[in-house]
Amino acid sequence: MDLHILDHRLRVTSIAKNGLVHFTHPLIKLIFLRNRTRCKFFSLTETPENYTVVLDEEGFKELPPSEHLQVESSIWLPLNVVSNGNASSSSQAVGVTKIAKSVIAPLAQQHVSVFMLSTYQTDFILVRENDLSVVVSSLEEEFNIYKEVGGESVPLNCQDVSNGLQKNGKEAIQPTVHPVLIPKNQFCVMSLDPDTLPSIATILIDVLFYSSSPKEETHSSSSQDCIEFFSFSLIDGYVSLVMDTEAQRRFPADLLFTSSSGELWRMVRIGGHPLGFDECGIVAQISQPLADSDISAYYISTFSFDHALVPEEDIGSVTDMLQHQRTEPATS
Amino acid sequence: MSGSKPDILWSPHQPDRFVICDSELGLYRIGPVGSAETKAGTLPLSEESAATLLAINSDTPYMKCVAWYPKHEPECLLAVGQANGRVVLTSLGQSHNSSCKDLVGKEFVPKHARQCNTLAWNPVDSNLLAAGLDKHRADFSVLIWDISSKYSPEASVAAEKIRLSSVDLDSSTVVTKPLYELGQNDACLSLCWLLRDPKLLLAGMHRNLAIFDLRNTSQKTFVNTKAIQGVTVDPHFHDRVASFFEGQVAIWDLRKFEKPVLTLTEQPKPLTKVAWCPTRTGLLATLTRDSNIIRLYDMQHTPTPIGDETEPTIIERSVHPCESQIGSFAWHPSSQNRMVVVSAANRAMTDFTVFERISLAWSTTTSLMWACGRHLYDCVEEGAEGVESMIEKDIATKMRQRAQSRYGHDTIQVWRNHVLAGGNDPQLKSLWHDLFYMKQCAEDMELKLQGNKQSVVYSGIKNIVKTSSGTTESRRCWSGSDRQTDVPRYHSEERCLALRLCGWISRGPEIDMEAFLRSLEQEREWERAAAVALFNLDIRRAIQILNKGATAEKGDLNLNVVAMALSGYTDEKSSLWREMCSSLRLQLKNPYLCVMFAFLTSEPGAYDGVLYESSVAVRDRVAFACMFLNDAQLPRYIDKLTNDMKEAGNLEGMLLTGLTKDGVDLMESYVNRTGDVQTASFCMLKGSPGEVLKDPRVQCWIENYRNLLDAWRFWHKRAEFDIHRGKLDPTSKPLAQVFVSCNFCGKSISYSCSAMPHQGRGFSQYGVSGSPTKSKVTSCPGCRKPLPRCALCLMNMGTPVSNCPGTGKSDEKVDLTRENKLAQFNNWFTWCHNCRHGGHAGHMLSWFRDHTECPVSACTCKCMQLDTTGNLVPSDSS
C-alpha cells in the first residue's frame, strides 16, 4: 500500500453562521470561479453550529480576517492511501473502514490528532505538519510513503523527516467515550461534472447560504430528529457533495451522479460538546468497531464535531455497537 | 465538449462524412462547392468545399467523449461517454439498419458514477470498447466493455437498486459487467490501443502512463510522468506515442519507455488536442486553448536519437486556418494533409489543407527541382535550341556549352576563343582580342627587346601611357590634299605600343593602318572603317570606304549620303557646313558616323564628343585618345575611363588595366555581375605575373571553375584545364601523392622506375613501367623480388597487358595515339583497398563490366561497388 503526502498546506477554519455575509464573495469565488483562484483544495461543510472551511493557503488568502472567522493555528497536511490494484482485500467495505486498522489505529496509538475528510472520490486524513515525522515513522513499516512535490510523487526516505521514533510528547490519555447523536435524515454522497457547476449554481447557493430561511423553518417539523448538514468540496478538480435526500431532491437528477447501487447513508454525530483539535483517538474509537464488523463508513470532521456516515441498512447494528461501547468503555 | 467545446470526428471509412459533437451530434457530408445544387442548408467550408448537415442526434446529454466504431459495418455507430461514466452506443443518420439496431441504445454503466474521460475502440477486435473514467476510491478507472455481451442477471438486480437515476433503464440494454477492469485506485484521462499489438492498451493515468496487457491484467508497464493527456500512437510508426500535459507535448518511444525521447517547446497556454497526421509520416498537429493557429511539428527527418542527450531536430511551424479561435480540428483520414477545423464559438467549420513545405534543389546543369507533398517538379531552362529565346541563357548553361567547345584552350589564335564562346558576346570578343594583341606584342618584343618589356605589355595601356615620354607633336596634311590641318597629333613609342594593343596598327615602325582598314572592310564594318580612316586624317579613304559600303551587297545606301556630307568638309570656322553638321550629327544612329562629324566639328584638343561616346568601342576611343590627346589630357582620360570600366565590370576595360591588380579588380566586378568564373579563370591564367595569379580572388575563381567542371562530371575537361593551368602556372602542379611500394623491401617501385632514364615520367609516378615495348619490370628494382601477380592473367605486374585491343605489335611502334594512351592505362596497377586483390587496370575494368565480386576465387568482396565514384560516368566525351 502507498501513502501519499499530498502537496497541499491546509488551514482549518470556521465561519460563524451570523458572519456568513462577510464571506459570501470569497466563498462563491472559490466554489464557482475555479479559474480565478489558485486554490486547489477547498471544502465547505455546513453544520447547525457553523460553517467549517478547509482550504489551502492560496484559498486562505481569499478569506478576509474577521471576528466571525475562527482559524485553527496549525498547518494541516492531507494524507491519502492508495491501495495497489492487485492487493485487493477481501473486504467489500469502503471509506475509513478500509484504513481504520492500517492508518487510524497506529496514529491514535502515537497520539496524533487527525482530521478526517471523506469525499465521493477518496478519504483524506489531515495531520498537523508538526506531527509529520511521527506519522511517517509510525506508518513507514506498513506503507511506501511518497511525498508529492510539484506534481511528481517522490518516495520519502524516513531519514529525511525524523531520526527515529519520536514521541509526540503528549500525555497518554485514556480516550473518553463521546456521546453520539443519530439523526433521522438519509444522506447521499455524490459527485458532479465540474463543468456543469454553473448550471446548478443557484440551487447550490440557495442550499449553502439560505438553509436557515423561514421557508425551511416551517418545513422542518421534525427538526429535532434531523440535522442540518451539507458538505461541498472541490479538491484537485473533483467535486464531492454530501447532502440529505431532502436537499438532493432540489437538484436536477441527471446532473449529480453516484454509485450505481445508489445507496443511502445515516449519520452518527460524535461529541456532546465541541471536540477541539488536540484530542486523539476519536476517529479510531468509531472506525475500529466498524472495521471489526466490516461496515463501510465515511467520516467527515468539522470544526466542532465529527460525523460518520454508515450505510442505512447497517444503522441498527451500529447503534447497538455504540451502545455496547458506552457501557463497556475503552476495551480496545 | 460538455456544451461548450466542440470536437470533430471523421468517419473512418467514408471520406466525405464527419461528425461535430458539442451538446449534440451532427453528421455532415462534405463535397465540392459547385457540384451539388446549393441547398439552403449548405455551409461553405472553403473556396472549393461545402458541408451539408445530414442528421442530428441529441439523445445523449452530458457527452464527454465520442468514438467512432472502426469497422465498415455498422456504418455510423458511435460510442458516447457521458459525465456520469455511462457509455452509450448511438447512431446517426441510419434508417433502421438491422445490423446495428440491437447495438444502438446499449448502455454500459460503471459501478460508481464518475466522469468518462475517454473512449477507444479496439482497432482489430472491434467488440472491445475501452472507457477511461475518473478516480473513485478503490474502484477501477479503465473498463473494457464487450459491446456484443448480453445483459447479465446481476445487471437487472443492480438496475432495481438504482433509486437516484432519473433515466428509466430498460434492463435489457444495460451492461454493468465489464470484460476487463484495470487501473484500480487511479484515474484515467486518455486511452489508446497500441497498433503493434491489439491486446495492449496505453492509458494516461493520474501521473503515469501505463500499458495494460489484456493477456495478463495483473501486470502493467508504467512510467511516472505528468504528460498523461491525449495519448496517441503515430499511425506510421507504431512505437511512437505523443502525450501532453498543460502546454508541453512529450514524444515517447515504446521501446525505450523510461522517459520521453523528446519534448516539444512548451506553449504558454494549455494544449487541447494533439494529433498525428494520418497521411504523412511524422507530422504532429497541436492546438492550444484560445488560439487561432495550429502548430505543426515535422519529425520527418528525425532519426531515432543515438545518445541520451542528442535531441533530434524538429521543424516547427504554424498554420492559420481561420480567423476565429479554434475549438478543435481533425485530420482527414485519407486526403493528403487535409483537416477540418471547427471554431470554438459558433461551430463555423473550415476545410483546410496544410501546404507542404517546399524543398528545392538546383542541379549542376541549371535544371531546378522542387518537391511539394508527393509531387516532384522538374524545371528545365527553355530555349536551349530552336528559337533564339528572348531570355538570355543562364551563365551556367553558357559556361557548360563553352567548356564543351574547348573555350579558353586556343592558345595560339587567342582571339578565336570568343568564337568558341559562341561569338556573340562583344565583351568577350574585345577581351580575347585584347589578350591576342598583348600576346602578339609580347612575343614581338621578346624577339627584339629585353625581357622586362614583356610585363609592360601586360600591364595595360593605363600603365603604358603613364610612362610615356618624349612625345612629339606633328601637324599633318589631310592625305590627298595639301591643306594643312590645325589638328595636332602626338607620337611616342608608348603611344605606338598602345595603338598596337588597340589593334589599329600592326608590327613595324610605320603607323600603317591600311591592314586594319582592310580587315574592317572585310568584316563589313563600313562605318567603323570610315571613322578609323578619318582619324588617320585620310578623308578620301573614308569617303571611298563609305561608297564601298553603300554599293556592297545588302549595303546601306545612306552611306553615300554620309560620304557626300563628308566630302563637303571645310575647316572654315563659321561655315554653314560646320554649323549644320554639329547639330545634325546627333541624329545619326550609327555611333561611328556620329563621332566622325564630332571629330570634324571639334576644336583641336576638345574631343569630348568622340571620347565620351559610350557606344564606340573602348579600343577605338583609346586609340583615338592616344593620337589626339596631349600628355596632360591623355592619362586623365585613361584614368577616368579605367575607373568607369572597373565599376561596370566591363571586360573591354581589360585593355586599359591589363592583367594587373587593376585588372583583377575589374574582373571581380565582372564576376560579381555575371558569375562567369570560367572567363575569369582563363583570362587571369594568361597573366604570367606571379602576383596576379597569387591573388586569392583569382585562386578562388580557378578553384570554383574546377569544382564546377567536377560537378558537371566533366572530368576530362577538368584534367585539360589542369594541364593548361600547369603550363601557364607551374606552381599549381600537384606533387605525386601516391606511390607503390614493394611488399618485401618497402621501397617505392615508382621511385626506382623513375630513376631509369628511359621511363616516361608521367606514368612512372604511378608505378608502372611506362613503355611496354622496351622493358619488363616484373620485379622490384630495389630488392629484385617479383611484383605481385595480376589476379586475372596471373602474370607478374609489370608485364604488359597482352590481349587487349590496341596493343598489338603493329601499334607499338606508332606514336602515342589515343588508343595507345588508353592501352598504357591498361597496364596500370589497380587494387581494391578492401580485399587488397588487384591486377592490370584493363583486366580489372573488363572483369567488373560483367561481375560484381572480386576475381580472386573465394573472395566475395564487391570491390567495384565499394568505389562510390567508380560507377559514375563522365559526361564529357573526350
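Any Cβ shown, glycine's included, is placed from N, Cα and C.
Curation does not apply to TrEMBL; its annotations are automatic.
Listed in TrEMBL for this protein:
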| type | residues | note |
| --- | --- | --- |
| DOMAIN | A:9-69 | domain 'CASTOR1 N-terminal' |
| DOMAIN | A:76-141 | domain 'CASTOR ACT' |
| DOMAIN | A:178-260 | domain 'Cytosolic arginine sensor for mTORC1 subunit 1/2 ACT-like' |
| DOMAIN | A:261-323 | domain 'CASTOR ACT' |
Could you put numbers on the helix, strand and coil content of the domain 'CASTOR1 N-terminal' (A:9-69), residue by residue per DSSP?
22 helix, 21 strand, 18 coil
Using DSSP, what's the helix, strand and coil tally for the domain 'CASTOR ACT' (A:76-141)?
25 helix, 19 strand, 22 coil
What are the helix, strand and coil residue counts for the domain 'CASTOR ACT' (A:261-323) according to DSSP?
23 helix, 17 strand, 23 coil
Within the predicted model, mean pLDDT of the domain 'Cytosolic arginine sensor for mTORC1 subunit 1/2 ACT-like' (A:178-260):
81
Residues of the domain 'Cytosolic arginine sensor for mTORC1 subunit 1/2 ACT-like' (A:178-260) by DSSP state, where helix covers H, G and I:
26 helix, 25 strand, 32 coil
